[in-house]
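So the structure is just underneath, and the comments pick up after that.
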Protein chains: 2
Amino acid sequence: MTKIKCTVAYDGSGFHGYQVQPGKRTVQREIQAALARMHHGQTVKIAASGRTDAGVHAFGQVFHFDTPLHLPEERWPMALNSLLPEDIYIREAEEVPDAFHARYAVKMKEYRYRLLTRTEPDLFRRTYTTHIKQPLDLALMNRAAEAIVGTHNFSCFCAANTDVKDKVRTVYHLSIQPENNDETVIRIVGSGFLYQMVRIITGTLLDVGTHKMAAEHVSEIIAGQDRQAASATAPPQGLTLWKVTY
Amino acid sequence: MTKIKCTVAYDGSGFHGYQVQPGKRTVQREIQAALARMHHGQTVKIAASGRTDAGVHAFGQVFHFDTPLHLPEERWPMALNSLLPEDIYIREAEEVPDAFHARYAVKMKEYRYRLLTRTEPDLFRRTYTTHIKQPLDLALMNRAAEAIVGTHNFSCFCAANTDVKDKVRTVYHLSIQPENNDETVIRIVGSGFLYQMVRIITGTLLDVGTHKMAAEHVSEIIAGQDRQAASATAPPQGLTLWKVTY
């Protein structure tokens, strides 16, 4: 058996998230269906770096699988892309040592959250951005971000419905920058992220940027370890899993 | 009765074109359904500046309708948008004289055709651009464009299945310009356009830009008035009805 690591982009708009669910169109299901066709109907399970929720996109999601096929590594993307729907695209593939695991070997993940920051909505970007009509104070948001960077117990930024016990994570980078005239991009890099952590951080930064919450309050929220103290979860549309580093 | 003129944007990806067809999701059907709800179930027919094909987008399509309702003109966009699906957005509305007609009063139309011009595809732009892998010679394309600008019989750029007799139109402007690093935009402004004219012109310009056709050949194609001499129709994805002028 050969272990293949793939980097995949997908448009989350048309999926009920990454993970297989009975009767639902999911990313994992489509990729496994394509792999099954390549393996004469045999099931090939893939393991990804983590799940993404419905509506969340990926530019650099990573998964691995084991295969008995002897295909040169550079042939996998074209072979799979020819069988995959147009909203999934395998960007790269490489053979990896048997010890590799797309989930357990993750060193860092980068997410980007894209905001449309102008008065008018844009229906062509409605699934790739979250529209924020009010002006955002980026200086305040970046000040609040400084409190989030570092190693903390991030219970305050974790959705309640999770089994994860250890809520300590490290955020290496968090910045909020304007882009393309009318967008604002939140870039966050961390050792790993709790369930809906990026979207809750985004919601909190948005409250700071619209003067609903003081930037200084964010460190108290983190110290308090209480999800209720943080802001509402931002919608999935603006979120993209950008890069996974091993 | 009051006559209302609306400017509407729509994402063509999810529609079987603009015009009502039995059993199909079309732009006209959705707008008329929203109007019917505002008019207590009564049918309100709309007349647009022209049809758009399946997959073609609009930023500035225009339509009109007559209504017995006494709603201030500035209230129409919000009222309709609250009833319309998220891939249709009324940008403006205004009361117009009874003599106005969205189709017959058109003075000029502008279309834009957006190409993704880089090696890698981008699944996030797959419905808004047409991907051209080969490098494009924009200077050659702009030279070919010069032959198209002007008043001509455009039979060569008209799809065969049309009832229109008079095929003389005026193209006021046609330019091909790079945009946003990895896109190329074809802008065309004319007195009116024949069926699939913009997409056939785009296909022809692409053949010139990839050295499959000489730029000088385009004036011969126009003079010949033969659809077979022009290139294949470019796909609908990159095309947007940008603006209608009255």
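Heads up, the Cβ atoms here are built off N, Cα and C, so glycines get one too.
Listed features, source TrEMBL:
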DOMAIN    B:8-104  domain 'Pseudouridine synthase I TruA alpha/beta'
ACT_SITE  B:ASP53  active site, nucleophile
BINDING   B:TYR111  substrate binding site
DOMAIN    B:144-246  domain 'Pseudouridine synthase I TruA alpha/beta'
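For the pair B:TYR111 (substrate binding site) and B:ASP53 (active site, nucleophile), the Cα-Cα distance reads 13 Å. DSSP assigns the residue listed as 'active site, nucleophile' to coil in the three-state reduction, placing it in neither a helix nor a strand. Applying DSSP to the domain 'Pseudouridine synthase I TruA alpha/beta' (B:144-246) sorts its residues as follows: 35 helix, 31 strand, 37 coil.
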